[in-house]
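Colleague: Mind having a look at this structure? Questions to follow.
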Amino acid sequence: MPARGGRWAGFWEQRARQLQRQVQAKEERIVELETENAILHLKLAEYQEMTGKSSHAATRFCLLCDEQEGLQRGTRSSLAQLCRVIQKVKQDRKELRSSSLDLLRDCQGQQQDCGSEIVTAVQGAQRHHEAVLAWQSKAGCLEQSLRETTERYQLEKQKRKQLHNRLVETVLVRWDRPGHPWINKTYNFERVYGPAESQRVVFEEVCPLLTSLLDGYNVCIMAYGQTGSGKSYTMMGPHSRKEPVLPVESQGDLGIIPRAAEELFRLISENPSRSPKVAVSVVEVYNNDIFDLLAKDSCAVTSGVKREVLTTKAGKKEIPSLTYESVHSTEEFLTLVDGRLRLRAKHATLVHADSSRSHLIITVTLTTAPSWDSPANRQSDVSVLKEPDCPSPRQPATGRRHSAAHRTSSWSPGAAPEGPTGHMEQVHAKLQLVDLAGSECAGVSGVTGAALRETSFINRSLAALADVLGALSERRGHVPYRNSKLTHLLQDVLGGDAKLLVILCVSPCRKHAAETLQSLGFGTRARQVQRGPARAGRVAPRTPR
Ligand SMILES: Nc1ncnc2c1ncn2[C@@H]1O[C@H](COP(=O)(O)OP(=O)(O)OP(=O)(O)O)[C@@H](O)[C@H]1O
């Protein structure tokens, strides 16, 4: 038994050790497993954490996926829209292309048309250019020749002026009267017209004066001579003619007055920018009284109304209330003057069946637009411009009608008419056309009674005119202007700055030699009158046919 018990004990011991070893191994294994478990727990925790993270990431991913899906949907719809737009654009582009092609074709067509037009235009322009060049060269030649002609003209003008001043024409009078000393006398004048010379030739002498008139000079053209010597013929034309027919040249016998009117309006029309207004007054000096032949009575009938000459503050001679009428053409002028000439005093004498018994003075006043600076606007130099209280009509000598005065549109030429603004218009220049009554010897003309009285007044006024010219030519201190109404009225012309042309009408007949000598003497006096710079007296004798 102890041996067997010992063996069992050893066995059990061994067995216990074995089991112990096994338990130990198991415990170690458990520790190991626990360690592993812990590790695994750790890993699990780690994985859990990772899983958490992953699920968070997955959630975010899902969200992103959703978002992306949404975006994709949006993109798809946008894409679809875009596709539609692209389709539309493609369609539009197609249409645009086709319309562009059409347009291009049109443009090409138009371009071709334009091109051909441009070519035509360029060719035309070239032709024009060539024409312009040709005209320019022609104009250059013309300018050059105009310059040369102007220079030549100026030279000729100067020469002509010098010659004109030096050369005069001469009238030689030889008169052998039984019982009287032999007369052999020469008279020098600017120009002498023979019986055959036409009215046109006489007017050529007058014509330049009208240019002077428009340049602002006062001009006076006066016909002087014995009765029947051709004064009225020279100034107006023949008595027997009907109303003048225009143009004046078509009636060759018309005198200075119609020709001057025509030339005046022609010159005015040549320069419309300065276009002065033209007004006319018609006055006669009859039996040493002044009559306004344009004045009308209360029934608007024209009659001669007596007027007086006044001296203005500036020393000018004016006829207050003198009637002026505006005229705008030669026709108006001639109609007016012709009508008034019928009122002129006439009387048959032995020398002349239609003798004028008065001095006729037609005044043409040119006025320009009102100017603030004009002397007329600064001060009127007319003292009194009132109508006489009781105008006295002329004593009738020809059975003509006379009645009380009635003023129409009238003004004094010195004061000038008022313009539309109420300002005085400025007198530019005055043209006086004077047809004097003829000097006559009562014995020769055979007049008596009222006609003799007229003759006496005519001769006295002509003598007064000759006295004035004598005083002026001798430069006497006193010039007797007031000795007659005629000289008083013409004072500004005779002693002033007007260009004066005296036409002497003289008869070549022996029986009128005394009167002819007297007229030539008058002309010589007139030539000797030297006044201001405007003019020297020019005298041109004329003999009737
Ligand atoms: N150069 C001329 N050519 C043709 N006829 C003329 C010429 N000169 C004058 N006569 C004529 O002589 C006549 C007298 O002329 P006009 O009436 O002109 O004279 P006057 O000098 O005016 O006379 P008065 O002073 O008496 O009025 C008229 O019939 C006129 O036609």
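Yeah, the Cβs are placed from backbone N, Cα and C, and that goes for glycine too.
No curator has checked TrEMBL annotations; they are predicted automatically.
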Colleague: Of 9-50, 177-218, 471-512, which span is tagged coiled coil by TrEMBL?
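Modeller: Going through 9-50, 177-218, 471-512 one by one, TrEMBL gives coiled coil for 9-50.
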Colleague: What residues in the same chain, six or more past the boundaries of the coiled coil (9-50), come closer than 8 Å to it by Cβ-Cβ distance?
Modeller: none
Colleague: On the three-state reduction of DSSP, what should I expect for Gly225 (ATP binding site)?
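Modeller: Gly225 (ATP binding site) sits in a strand per DSSP.
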Colleague: Listed binding-site residues are Gln226, Thr227, Gly228, Ser229, Lys231; which sit with C-beta under 6 angstroms of ligand 1?
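Modeller: Near ligand 1, sequence order: Thr227, Gly228, Ser229, Lys231.
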Colleague: Could you check the binding-site residues Gln226, Thr227, Ser229, Ser232 and say which one's CB has the most other CB atoms within 10 Å?
Modeller: Ser229
